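**Q** Before anything else, here's the structure in question.
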Amino acid sequence: MEQGAPKGKLIVFSAPSGTGKSTIAKAVLGQIGELSFSVSATTRSKRPGEEEGVHYFFLDKKEFEELIEKGGFIEFEYFFGNYYGTLLDKTREAIDSGRHLLLDLDVKGALNLKKLFPLDSLLLFIRPPSMAVLQERLLQRDGRNSPGLQERLERAELELGYAEQFDEVVVNDDLEQTVTAVTGIIRKYLTTL
Ligand SMILES: Nc1nc2c(ncn2[C@@H]2O[C@H](COP(=O)(O)OP(=O)(O)O)[C@@H](O)[C@H]2O)c(=O)[nH]1
Ligand SMILES: Nc1ncnc2c1ncn2[C@@H]1O[C@H](COP(=O)(O)OP(=O)(O)O)[C@@H](O)[C@H]1O
């Protein structure tokens, strides 16, 4: 993919599920006008409040697998029983037109993207203050009986082990402070290119 220098840059957020990356992304996108959210495709079902084409493109398994066959993804992963992937055409279109993208990817997707765009991506890892706080946030968001809660907590331990491979690490304790820190890191990256 790295043919010539793409004009737009890729900012990647990774964090264990429930840490707060979607919440932080929303606030950061409201503050940095030249940054757009990269909408991934997924086979997981929509959560209340999620919209097609805004939070994800919601595909069924067959549609997703057909797109894999056609080479439609820059990267994709399968976890929590579902596929998640970054769409090649949409990403190319954005960076070729000079738009910067904010991507919400799991740790493996983030590191794969860095290999494809070593000079044009910034990987930001967001840590929860503790596992106890992470569990509380997941319970608050998804409810005690949500499918995948235990799986998300187990995966969190694994994901935390990848933090040191990221360009920047921020702890999401106080939300306002985190948003200020993350906005500062991204602005600095975009202006010192
Ligand atoms: N590799 C990869 N991971 C993705 C993509 N889109 C979302 N994810 C990751 O999929 C995981 C689950 O996302 P989601 O079901 O929305 O749950 P949440 O993280 O708890 O909000 C998170 O770690 C996301 O960062 C993608 O296009 N590629
Ligand atoms: N700094 C914070 N302090 C307290 N609650 C938070 C904070 N950041 C996010 N949350 C809450 O935690 C839950 C998980 O956040 P979300 O953005 O959905 O996480 P992720 O996208 O990482 O899975 C949500 O209910 C959100 O409102």
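A Cβ is built for glycine as well, from the same backbone N, Cα and C atoms used for every other residue.
Automatic, uncurated: that is what TrEMBL annotation is.
Reproduced below are the annotations present in TrEMBL:
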DOMAIN    8-187  domain 'Guanylate kinase-like'
BINDING   Ala15, Pro16, Ser17, Gly18, Thr19, Gly20, Lys21, Ser22  ATP binding site
**Q** Can you list which of the binding-site residues Ala15, Pro16, Ser17 have their Cβ under 6 Å from some atom of ligand 2?
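**A** If the test is a Cβ under 6 Å from any atom of ligand 2, the answer is Ala15, Ser17.
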**Q** Could you please provide the mean pLDDT value for the domain 'Guanylate kinase-like' (8-187)?
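**A** PLDDT averaged over the stretch: 95.
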**Q** Is Lys21 (ATP binding site) helix, strand or coil when read with DSSP?
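**A** DSSP call for Lys21 (ATP binding site): helix.
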**Q** Please identify, from the binding-site residues Ser17, Thr19, Ser22, the residue with the sparsest Cβ neighbourhood, meaning fewest other Cβ atoms within 10 angstroms.
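**A** Minimum Cβ neighbour count within 10 Å, taken over the binding-site residues Ser17, Thr19, Ser22, occurs at Ser22.
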**Q** So among the binding-site residues Pro16, Gly18, who's got the most Cβ atoms within 10 Å?
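**A** The largest 10 Å Cβ neighbour count belongs to Pro16.
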**Q** Where ligand 1 binds, which of the binding-site residues Ala15, Pro16, Ser17, Thr19, Gly20 are close by, with Cβ under 6 Å?
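**A** What lies within reach of ligand 1, judged by Cβ under 6 Å, is Ser17.
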**Q** Using Cβ atoms only, which residues of the same chain lie under 8 Å from Ala15 (ATP binding site) while being at least 6 residues apart in sequence?
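**A** Within the chain, Ala15 (ATP binding site) has Cβ neighbours under 8 Å at Lys21, Phe125, Ile126, Arg127, Pro128, Glu159, Asn172.
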**Q** Using the Cβ center of Ala15, Pro16, Ser17, Gly18, Thr19, Gly20, Lys21, Ser22 as the ATP site position, which other residues in that chain lie within 8 Å, going by their Cβ?
**A** Ile126, Pro128, Leu134, Arg137, Asn172
**Q** Using a 10 Å radius around its CB, how many other CB atoms surround Gly20 (ATP binding site)?
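**A** Its Cβ has 22 other Cβ atoms within 10 Å.
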**Q** When you measure from the Cβ of Lys21 (ATP binding site), how many other Cβ atoms are you left with inside 10 Å?
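**A** For Lys21 (ATP binding site), the 10 Å Cβ neighbour count is 22.
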**Q** Quick one: what's DSSP say for Ala15 (ATP binding site), helix, strand or coil?
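**A** Looking at the DSSP assignment, Ala15 (ATP binding site) belongs to neither helix nor strand, so coil.
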